[in-house]
Every structure is written in structure tokens, then in C-alpha cells.
Amino acid sequence: MGSVGDKLDIESDEEISFSSSHATNKTDSLHFESAHMASPRSSYSSRVSRKMHQISYFRSIYVVILEAKINVLLPFGPLAILLHYLTKKHEWVFFFSLVGITPLAERLGYATEQLAFYTGPTVGGLLNATFGNATEMIISLYALNNGMMRVVKQSLLGSILSNMLLVLGCAFFCGGIVHRQKVQVFSKATALVNSGLLLMAVMGLLFPAVLHFTHTEVHFGKSELALSRFSSCIMLVAYASYLFFQLKSQPNLYSSIDEDRENNAENSDEEEAPEITQWEAIGWLAILTVWISVLSGYLVDAIEGASDSMNMPVSFISVILLPIVGNAAEHASAIMFAMKDKLDITLGVAIGSSTQISMFVIPFCVVVGWFMGKPMDLNFQLFETATLFITVLVVAFMLQEGTSNYFKGLMLILCYLIVAASFFVHVDPSKEGE
């Protein structure tokens with residue numbers, strides 16, 4: 001009996017081991033099959049993701065390049081380069097470069113606005129002003145490298161005048177026409193801080209000019225340049241302090257009204273959303289900046305030849321024509337925000353851009369010229385400095401109430417026409433850079 005029981009135990013153990021090995025074989029085969037089933041699924045998902053990325057890239061190209069109607073002017077840029085090498089007609093090279101830069105400046109502003117969706121309103125407004133001024137800054141650096149200091153000064157001065165009078169005036173006028181049944185309001189605190197910075201910039205430009213024309217320099221020709229470089233460093237410190245004050249120290253001063261507007265926007269049916277991704281916006285900013293820098297070189301080279309061919313003063317070209325093209329992005333976005341009753345963003349674009357040029361771009365060009373060995377100073381001549389001083393006063397009086405209407409906008413536009421006519425009949429007494 002014992003042997004029979006042992007046999008039964010042995011047989012049962014063999015059956016169990018056989019069945020367990022058979023089960024493991026089944027599970028192994030199932031794992032093998034599932035692995036083979038998973039591999040095509042993973043490859044399929046990777047292919048789908050690649051296709052989605054390609055679709056995103058194509059959609060980004062369509063939105064940035066093909067969708068905007070202003071991009072019909074893009075071929076003028078390559079045509080300007082061809083005319084530069086095939087002909088010596090500077091007026092056509094200048095005109096085609098000017099027209100070709102216009103859509104690039106507008107698209108640069110669009111890409112900046114898209115990036116602002118991911119960075120927040122305060123940083124977004126700063127980015128809008130910075131990249132909106134990228135065109136002027138690139139043109140100025142090219143002209144500075146060629147020793148055309150008067151073109152640098154007059155183009156930057158014209159950009160300030162264009163932003164404060166033409167851009168802000170058109171924004172107030174269009175916003176007042178659309179919302180003529182109510183009074184549009186904006187933050188007086190923000191406007192006062194920017195007005196104070198603009199007056200400080202006028203002071204920085206005024207003293208070198210007065211020192212030069214009163215002939216009261218300790219060392220003739222050297223004291224004016226030394227004062228300009230010292231004042232430029234002080235203005236850069238002041239602008240850096242302003243950025244810290246705006247972004248870190250007291251951001252509520254700048255975001256209180258904007259937050260109310262955002263809360264109202266959340267309650268409304270329309271919700272704005274970005275049309276391209278963050279990295280696509282950064283990529284387009286890089287591409288557009290490079291292309292603008294290429295065209296700016298041809299534009300600067302053709303300025304003097306175009307002035308002679310068209311019998312038009314270089315000061316008028318530098319102060320009026322160049323800034324209108326360079327401010328295309330600010331012009332479009334400021335009017336759009338004013339028509340949406342977002343005047344705080346409009347002021348951030350127009351007045352903030354003027355503040356950045358006067359307190360950062362101009363002193364930065366002086367410092368860069370210092371390192372280049374170029375005698376770039378803050379002496380903008382009495383006529384230009386007086387024009388800037390009066391403009392800042394007019395705009396400061398317009399902003400002191402914290403309200404806007406279409407009549408204020410019309411007054412600013414008419415003031416800009418007077419400035420444009422003044423520079424058309426103005427003969428630049430300085431011959432430096434020629």
C-alpha cells in the first residue's frame with residue numbers, strides 16, 4: 001500500500017509540474033504575442049505624433065505667413081536686394097526695403113503677442129515693447145557701425161515722436177469712435193510714471209545740447225561726449241530700476257486695472273487663445289529678427305542716395321519715414337487694443353515703447369558706440385531736442401486725466417502732422433556721418 005501511495009504522489013507531482021510548465025508556456029506565448037502587438041501600436045503612435053508635429057508646423061506657417069493679408073508685401077524685400085546688386089537706383093532700393101520691412105515688423109508684433117499668452121500680461125507688455133523696438137534698434141546699430149550718427153539719433157527720435165503722437169493718437173481716435181457712447185479710462189499711475197521717465201530722458205538729451213551750443217565746455221568736444229556717456233549709464237540704471245519697480249516691487253500698480261479687465265473678459269463669451277505654441281513663437285521671433293536685420297543693412301545703405309534722388313531731406317526720411325515702418329507692429333496692436341477698450345495695454349505699447357527707446361535704446365547706442373570707438377553722444381541738436389520736449393509736455397497733459405476720447409486722438413494726430421512738416425523743411429546743420 002505504501003508503494004501504491006508513493007506512486008500516486010509521484011504521478012500527482014508530475015501532473016502538477018507538467019500543468020504548471022504548460023501554463024507558463026502559455027503565459028510566455030501570451031507575453032510574446034502582446035509584445036508583438038504592442039510594438040506596432042507604439043510605432044503607430046510615434047508616427048501619429050510626428051504627423052501632429054508636422055501639422056502644427058504647417059499650421060504655424062499658414063497662420064504667420066499666409067493668413068495675414070499684409071504679407072503680400074513680403075516679396076518687396078528680396079526685390080530690394082536684387083535691385084541693390086543689379087541697379088544703382090538708391091531710391092528704388094530704399095522704397096522696396098521700406099515696404100518689405102513693414103510686414104516683417106507687423107508679424108514680429110504678432111509673434112510677440114502670441115508669446116505674451118504664455119508669459120503673462122506684464123511680461124508680455126514688456127516683450128511687446130522690446131520686440132516692437134527691435135526694428136529701430138537693428139537699423140540704428142547698422143547706421144552706427146557705418147558712422148551715421150545723425151541717422152541713428154534722428155531715427156530713434158522719430159520713433160519716440162511717432163509712438164507718442166501718431167500711434168497713441170490713432171489708438172485714441174479709433175477707440176473713441178468705436179466707444180463714443182462712453183468714456184474710456186486707463187491707469188493714471190502708469191501714465192504718470194512713464195511721463196516722469198520721458199521728462200528725465202528729455203533732461204538727459206537737453207544738457208549736452210545746451211552745453212554744446214552755449215560753448216561752456218571745460219574741454220571743447222570732450223566734455224559733451226563724457227557727459228553723454230555718464231548720463232547714458234545713469235539712464236540705463238534708471239530704466240533697470242523702473243523694470244524692477246514694475247515687475248517685482250509694485251506689480252499691483254500696473255496690474256490692478258488689467259486684472260479687472262481680465263475678470264470681465266472671463267465673464268464674456270469671447271475668450272482669446274494663442275494660435276501658435278510658445279516655442280513656435282520664439283522661433284518666429286528669431287527668424288523675423290534675422291530677416292529684418294538683413295533688410296535693414298540695405299535700407300541704411302540707400303538712405304543718402306535716396307535723399308539725393310528724391311530731393312528729400314535726410315532728416316525727414318530718418319525722423320518720419322523710417323519710424324512709421326518700424327512702428328507698424330505698435331501701430332496695429334495699439335489700435336486693436338483701444339478698439340477692444342483695453343487702453344492700459346495701448347498705453348503700455350505706445351508710451352511704454354517711447355519710454356524704452358528714450359531710456360534704454362538711446363543710452364545703449366551711446367554705450368555701444370563707446371565700445372566701437374564711435375563718438376555717439378546725446379546732443380540731438382536744439383531743434384530735435386525742443387521738438388521732443390514739447391511733445392512730451394503735450395502728451396503728459398493729455399494723459400493727466402486718465403481718460404481718452406476721439407478728440408484727444410485727433411489733436412495728437414494733427415500735432416504729428418505739424419512735426420512732420422517741420423522736419424520736411426528743416427535743414428540739418430550737422431554734417432557728421434556724411
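Quick reminder: no glycine exception, Cβ is built from N, Cα and C everywhere.
Feature annotation from TrEMBL assigns transmembrane segment to 60-86 (among others).
The transmembrane segment annotation in TrEMBL covers 92-110 (among others). The list of residues near the transmembrane segment (92-110) in space but at least 6 beyond its ends in sequence, with Cβ under 8 angstroms from a Cβ of it, reads 64-65, 68, 70-80, 83-84, 128, 131-132, 134-135, 284-285, 288-289, 291-292, 295-296, 298-299, 301-303, 305-306, 317, 321-322, 325-330, 332-333.
TrEMBL lists 92-247 (among others) with the feature domain 'Sodium/calcium exchanger membrane region'.
What TrEMBL records for 122-144 (among others) is transmembrane segment.
Counting same-chain residues at least six beyond the ends of the transmembrane segment (156-179), those with a Cβ under 8 angstroms from any Cβ of the stretch are 133, 136, 140, 198, 318-320, 322-324, 326-327, 330-331, 334-335, 337-339, 341, 343, 346-347, 349-351, 353-354, 357-358, 361-362, 365, 380, 384, 387-388, 391-392, 394-395, 404-413, 415-416, 419. For 156-179 (among others), the entry in TrEMBL reads transmembrane segment.
The annotation transmembrane segment is assigned in TrEMBL to 191-214 (among others).
Panel annotation: around the transmembrane segment (226-245), residues 126, 193, 197, 200-201, 204, 207-208, 211, 355-356, 359-360, 362-364, 366-367, 370, 376-379 of the same chain, lying at least six beyond its termini, place a Cβ under 8 Å from a Cβ of the stretch. Taken from TrEMBL, the feature transmembrane segment applies to 226-245 (among others).
Per TrEMBL, transmembrane segment is recorded for 281-300 (among others).
Annotation source TrEMBL lists domain 'Sodium/calcium exchanger membrane region' at 281-423 (among others).
Annotation comment: TrEMBL describes 312-338 (among others) as transmembrane segment.
Feature annotation from TrEMBL assigns transmembrane segment to 345-372 (among others).
Nonlocal intrachain contacts for the transmembrane segment (378-399), taken as residues 6+ away from its ends with a CB within less than 8 angstroms of a stretch CB, comprise 153-154, 157, 160-161, 164-165, 168, 188, 191-192, 195, 198-199, 202, 204-206, 208-209, 212-213, 224, 227-228, 231-232, 319, 347, 351, 362-363, 366, 408, 411-412, 415, 419, 422, 426, 428-430. Residues or ranges marked as transmembrane segment by TrEMBL: 378-399 (among others).
The transmembrane segment annotation in TrEMBL covers 406-427 (among others).
Here the domain 'Sodium/calcium exchanger membrane region' (281-423) has, by DSSP, the following mix of helix, strand and coil residues: 121 helix, 2 strand, 20 coil. Ranking 60-86, 191-214, 281-300, 345-372, 406-427 by CB pairs under 8 A with the transmembrane segment (312-338) puts 406-427 at the top. Listed as Cβ neighbours of the transmembrane segment (406-427) (distance under 8 Å, sequence separation of 6 or more from its ends, same chain) are residues 161-162, 164-166, 168-177, 180, 312-313, 315-316, 319-320, 383, 387, 391, 394-395, 398. For the transmembrane segment (60-86), the partner stretch with the most Cβ pairs below 8 Å, chosen from 191-214, 281-300, 345-372, is 281-300.
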